[in-house]
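Here is what TrEMBL records for this protein:
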type	residues	note
TRANSMEM	12-30	transmembrane segment
TRANSMEM	79-97	transmembrane segment
TRANSMEM	118-142	transmembrane segment
TRANSMEM	162-183	transmembrane segment
Amino acid sequence: MASVYQPVMQLSGILVSLLGWVLSCLTTYLPQWKNLNLELNELEIWTMGLWQACVVQEEGGMQCKDFDSFLALPPELRISRILMFFSNGSGLLGLLLSGFGLDCLKIGERQQEQKKRLLLFGGMLFWISGITAIVPVSWVAHATVQEFWDENIPDIVPRWDFGEALFVGWLAGFCLILGGSLLNCTICSAEVHPSSVHYAVAEQQDQCQCLETETRP
């Protein structure tokens, strides 16, 4: 039964991790990390991402402007760029390693130990990718909350709010961690079940030998 569920869990882990990696890449380039609604002009919505700031007008569509300098950005946006790049890279490497470690892949069928190591490394990379995706998103969200409730800022000054990219980033991190956990669970089950099966087969063989000796004249 374990041999049937193991490839299914491996494939599920890869698919969930792939979804998380795609969402992580999408989060990196979405300009909706922060949203700003102007009370004086409700027809305009300002958004800010890691790379550019945009204004969405009801009649004119979206107009974006790239940031002029990396060093001029707030600290949370600068570190978020680096962490999101690291998340995307480690997620891609995890997909490659764990893909070659799948049991359904015929390549390296006789090298099961190496395939287990590839799955293990791939699952660990998915964990790292998920954590490094959640950290910058949560940091930007925390900075946004602090700025929103800052009493030193006058009430007439517009406040930034959560953007859609933050929720996409949280979902991406959760999918990556879940996918890595599924892959590592298949490795743990593979290490336990073969020994028990071997023990059961050996016990059955001993019983058959005992029956043969008893039935001999």
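Every residue gets a Cβ built from N, Cα and C, even glycine.
Since the structure is predicted, the reported quantities are computational estimates derived from the model, not experimental observations.
Annotation: stretch 162-183 has the most Cβ pairs under 8 Å to the transmembrane segment (118-142), among 12-30, 79-97, 162-183.
Residues 49-51, 84-85, 87-88, 91-92, 94-95, 98-99, 102, 123, 126, 129-130, 133, 137, 163-165, 168-169, 171-183, 186 of the same chain, all 6+ positions outside the transmembrane segment (12-30), place their C-beta atoms under 8 angstroms from a C-beta of that stretch. Here the transmembrane segment (162-183) has long-range neighbours at 9-10, 12-24, 26-27, 30-35, 47-49, 87, 91, 94, 98, 119-120, 122-127, 129-131, 133-134, 136-138, 140-141, 144, meaning same-chain residues at least 6 beyond its ends whose C-beta is under 8 angstroms from one of its own.
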